[in-house]
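Q: Structure provided below as structure tokens; questions to follow.
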Ligand code: SAM
Ligand code: DTB
Ligand code: SF4
């Protein structure tokens, strides 16, 4: 049996390119081998997403339905009530999710929004769910307050390579994103960071994105690999569809170079067949978003996912028991 190799943060671009360009089946085979060194086979972490503030975002991300810069026909919504969030979180827990991820279309949270998000974190956490938020850029103090309230993960993607980045977003820089990730890390939260493929980028950009992620001082614990969901009215509405094998290659390389991270099948599952998704799991993806909706676009509903899991013999990772449940268990012993 081969011995487990150490986790590395010193990958060179050439090494990553060589992994990416090898024959597809060799790549997927190697990714599954690495996967089984670090994770239980056939087990998938399931998160549910909820948009807590939708649309009218001041940022100009060219792929996004929520940017105020484009006319995507999206109906904007103000901050939704905390009670509504809790109700949705309870439903997510009942349907088998172990993590609840709350997203807001902000450049960054304003100070006036902090009590709102902190209360939400406390209450979702108390249900026994892992908590995740994606609210745009964070300063150090905001990151610390979120951590203290019980936020487990913060999602902030690099999106694409440093070189391609300016073609996609002009209102915040690549370094702004790295700074937010540093604040999240310093605060002691887990990092969820990945990107999107299918933006019109080339192979070198996908390699560049993977290189940035794998050479962070600590790998993100969760790495979402989104496939562009084209949104009418945005500048990327008509970009040529990327071949699905390129997405699978990106996932497989992420699995090999960040062997202890959860690799997340994110946006884009709606356009994939069950066998495409099975191949992504084979390539080492081991988490996904379940539920009828991502933030603003449709997602494979719970029923469809249950069928997929059954068909492939996959099991969802369990949510941690609540403090209340733990004390009941303790009393039973
Ligand atoms: N507004 C926050 C931010 O961008 O920092 C958080 C929410 S934003 C919607 C989270 C991520 O979703 C983006 O970084 C991008 O990777 C992904 N995303 C957004 N729109 C997408 C689309 N149309 N297709 C695929 N991925 C998308
Ligand atoms: C991530 O990387 N993908 C999720 C989550 N993080 C917040 C969002 C996907 C959004 C897809 C487009 C939409 O539904 O608006
Ligand atoms: Fe705003 Fe996030 Fe959409 Fe960019 S991706 S426009 S920051 S909601």
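From the backbone N, Cα and C atoms, a Cβ is placed for every residue, glycine too.
Found this in TrEMBL, in case it helps:
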DOMAIN    42-266  domain 'Radical SAM core'
BINDING   57, 61, 64  [4Fe-4S] cluster binding site
BINDING   101, 132, 192, 264  [2Fe-2S] cluster binding site
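Tell me what's around each of these sites.
A: In this model, the domain 'Radical SAM core' (42-266) carries an average pLDDT of 95.
All protein chains included, residue 57 ([4Fe-4S] cluster binding site) registers 21 other Cβ atoms within 10 Å of its own Cβ.
On its own chain, residue 192 ([2Fe-2S] cluster binding site) has 132, 134, 153, 154, 155, 156, 220, 221, 222, 223, 224, 264 as residues at least 6 apart in sequence with a Cβ closer than 8 Å to its own Cβ.
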Q: When you measure from the Cβ of residue 132 ([2Fe-2S] cluster binding site), how many other Cβ atoms are you left with inside 10 Å?
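A: I count 24 other Cβ atoms within 10 Å of it.
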Q: Whole-number Å distance between the CA of residue 57 ([4Fe-4S] cluster binding site) and the CA of residue 101 ([2Fe-2S] cluster binding site)?
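A: The Cα atom of residue 57 ([4Fe-4S] cluster binding site) is 18 Å away from the Cα atom of residue 101 ([2Fe-2S] cluster binding site).
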Q: Quick check: with 101, 132, 192, 264 left out, which same-chain residues have Cβ atoms within 8 Å of the centroid of the [2Fe-2S] cluster site Cβ atoms?
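A: Neighbours found: 47, 99, 134, 153, 155, 222, 224, 287, 289.
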Q: What is the number of other Cβ atoms found within 10 Å of the Cβ of residue 61 ([4Fe-4S] cluster binding site)?
A: 24
Q: Tell me the coarse DSSP state (helix, strand, coil) of residue 64 ([4Fe-4S] cluster binding site).
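A: Residue 64 ([4Fe-4S] cluster binding site) sits in coil per DSSP, no helix or strand.
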Q: By a simple count, how many Cβ atoms lie within 10 Å of the Cβ of residue 64 ([4Fe-4S] cluster binding site), its own Cβ left out?
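A: For residue 64 ([4Fe-4S] cluster binding site), the 10 Å Cβ neighbour count is 24.
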Q: Can you go through the binding-site residues 57, 64, 132 and pick out those with a C-beta less than 6 angstroms from ligand 3?
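A: So the answer is 57, 64.
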